[in-house]
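What Swiss-Prot records for this protein:
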type	residues	note
ACT_SITE	Ser37	active site, nucleophile
ACT_SITE	Asp297	active site
ACT_SITE	His300	active site
DOMAIN	350-629	domain 'Autotransporter'
SIGNAL	1-23	signal peptide
TOPO_DOM	24-381	topological domain 'Extracellular'
TOPO_DOM	406-421	topological domain 'Extracellular'
TOPO_DOM	432-435	topological domain 'Periplasmic'
TOPO_DOM	446-472	topological domain 'Extracellular'
TOPO_DOM	485-490	topological domain 'Periplasmic'
TOPO_DOM	502-530	topological domain 'Extracellular'
TOPO_DOM	555-588	topological domain 'Extracellular'
TOPO_DOM	612-619	topological domain 'Extracellular'
TRANSMEM	382-392	transmembrane segment
TRANSMEM	395-405	transmembrane segment
TRANSMEM	422-431	transmembrane segment
TRANSMEM	436-445	transmembrane segment
TRANSMEM	473-484	transmembrane segment
TRANSMEM	491-501	transmembrane segment
TRANSMEM	531-541	transmembrane segment
TRANSMEM	545-554	transmembrane segment
TRANSMEM	589-598	transmembrane segment
TRANSMEM	602-611	transmembrane segment
TRANSMEM	620-629	transmembrane segment
Amino acid sequence: MRKAPLLRFTLASLALACSQALAGPSPYSTLIVFGDSLADAGQFPDLVGGTPGARFTNRDADGNFAPVSPMILGGRLGVAPGDLNPSTSVGIQPDGNNWAVGGYTTQQILDSITTTSETVIPPGNPNAGLVLRERPGYLANGLRADPNALYYLTGGGNDFLQGLVNSPADAVAAGARLAASAQALQQGGARYIMVWLLPDLGQTPNFSGTPQQNPLSLLSAAFNQSLISQLGQIDAQIIPLNIPLLLSEALASPSQFGLASDQNLVGTCYSGDSCVENPVYGINGTTPDPTKLLFNDSVHPTIAGQQLIADYAYSILAAPWELTLLPEMAHASLRAHQDELRNQWQTPWQAVGQWQAFVASGAQDLDFDGQHSAASGDGRGYNLTVGGSYRLNDAWRLGLAGGANRQKLEAGEQDSDYKLNSYMASAFAQYRQDRWWADAALTAGHLDYSDLKRTFALGVNDRSEKGDTDGEAWAMSGRLGYNLAADTSNWQLAPFISADYARVKVDGYDEKSGRSTALGFDDQERTSRRLGVGLLGSVQVLPSTRLFAEVAQEHEFEDDEQDVTMHLTSLPANDFTLTGYTPHSDLTRASLGVSHELVAGVHLRGNYNWRKSDELTQQGISVGVSVDF
């Protein structure tokens, strides 16, 4: 009767180990945790089950405790397993970076950072107040925080449970004390600090259905209002987690999160410890299964809740790894448009005083390999280009071109889907005199990000947040070359130098759902400045057919790591900036083409274009036809 539920829980408990093996990008050196029992990784000895350290979550069939959310999150970020150990445990060695201790109040959390960390038995338990182990606090004795680490902070519940919060003023003061811990970390050098909002204590088995439910819900809200206000004044990247809203969504639609939809999820629990054990999914129920329940005991979540919170935190951290690829999509569209112009420039010039019209269509493939702060992605694109040119004299040809490009990018672990429609217009000029030649183009474009769907794991299912936005693109490009062979030769070989400038702006936007996971993003700008050298060659293989080839090496001067400023749409006043994609400084590009004169003045051409940097590959094919008149 227990086999299937226990199997499900065993698989859930393996999430930590599996996530470490499959860890995605992470710009953080490690994860450092401060807080209370909601994040305690095993500070206290396990006096019942004999495991190295007790955690305030449910046990599996073998008696092992489920991981807490920072352990799961750290695994997904690729943090070393030893770093996820508790800091001051009696039984788990060596010491890790998780300083959270069950029973800690907001003052004790602050003390564990600035003065002394103690594993002390909390009030209400046998031997309350007994210190099992202590060590200097994280920043004690003048130590500094790791600026490249991610800090994880939760707390406040024990101020209520231990009778320290009895009024709105008490709740405001407790919220300010938790914010003081974030302030202390920032003053010590921390840059990235993730902070829980306090769950609604009225919506826990300990207080649900009691006269204290509504007052505690109001006091929890007062705590959070104070906390958010204080966090907004700290000069660091404070990443809030709207845990109350997340849990309310789980309670409103439990089946979407794999929870039982026919059970009282806030009035019952799994273990029966200081709460009513669920008769169906409780540990002694007819079908024991902690993944179907939100609470393990009177106030602590099961593995289902811990996984949900870890996924929520990861979805926020991972968002810029995908969203900073939006400007790169636009740059890819610009490059495809410029490639089409260069392809067209290889066709024979029309006679002086004549026009030449052309139309071309192509397809592109775009691949981003993962970086330490950017997701991998696979893109597909299609374009249509039309234009014309007029030959002024023997040396000059001027023209205009317009293009439409549709691009789709799948990025990240859950295949988020981003679509871009871009519309480009260019004016260009070509020059050739004796053996010298040159070309230049000015391009402007409108960007229509019509369907942006960010998808991520959230519990047992995926969730998507959607939005749309616009943008603009500007570019200038030029080449100067010298033909080594005379114009009358059947072959041409021309070394050249090139210069390119491009600027893309993606307007900020908010995802539309209004849920806990919905994010808002500020404007993004990405500029590219490149210089290059290359060789352009051609050979006349038949009287009406010519083959072309080009290879170039370019250096990108704008290769700084990109970032994006963002906020939870449910907490719009608290924004933060996180890092994302990093352009590479060296780029190789090459092209092959053939032009064939069908009849006098009508040319058919085909081209293949390829670009490669360390983690970016773009390639495309196109077919075009031009007509002189």
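Cβ atoms are placed via backbone N, Cα and C, with glycine included.
Residues 27, 192, 228, 231-232, 237-240, 242, 245, 316-317, 319-325, 327-328, 368, 371, 373-374, 510-511, 514-516, 518-522, 524, 526-532, 611-616 of the same chain lie 6+ residues outside the topological domain 'Extracellular' (555-588) yet bring a C-beta within less than 8 angstroms of a C-beta in it. Helix, strand and coil counts from DSSP across the topological domain 'Extracellular' (555-588) read 0 helix, 16 strand, 18 coil. Distance between Cα atoms for Asp297 (active site) and the residue listed as 'active site, nucleophile': 12 Å, as a whole number. For the transmembrane segment (602-611), the residues of the chain that approach it from at least six positions outside its boundaries are 335-336, 339, 343-344, 346-348, 360, 362, 548, 587-596, 617-628, judged by C-beta separation under 8 angstroms. Computed over the topological domain 'Extracellular' (612-619), the whole-number mean pLDDT of the model equals 92. Ser37 (active site, nucleophile) sits 8 Å from His300 (active site), taking the CA atoms of both as reference points. Under 8 Å from some Cβ of the transmembrane segment (589-598) lie the Cβ atoms of residues 339, 342-343, 346-348, 534, 544-552, 554, 604-612, all in the same chain and six or more residues away from its ends. Sequence-distant neighbours of His300 (active site) (same chain, 6+ apart, CB under 8 A from its CB) are Ser37, Leu38, Phe56, Thr57. The active-site residues examined here are Ser37, Asp297; by Cβ neighbour count within 10 Å, the least packed of them is Asp297.
Through the fold, the topological domain 'Periplasmic' (432-435) approaches residues 394-395, 482-484, 486-487 of its own chain, all at least 6 residues removed from its boundaries and within a Cβ separation under 8 Å. Sorting the topological domain 'Extracellular' (406-421) by DSSP state (H, G, I as helix; E, B as strand; all else coil) yields 0 helix, 12 strand, 4 coil.
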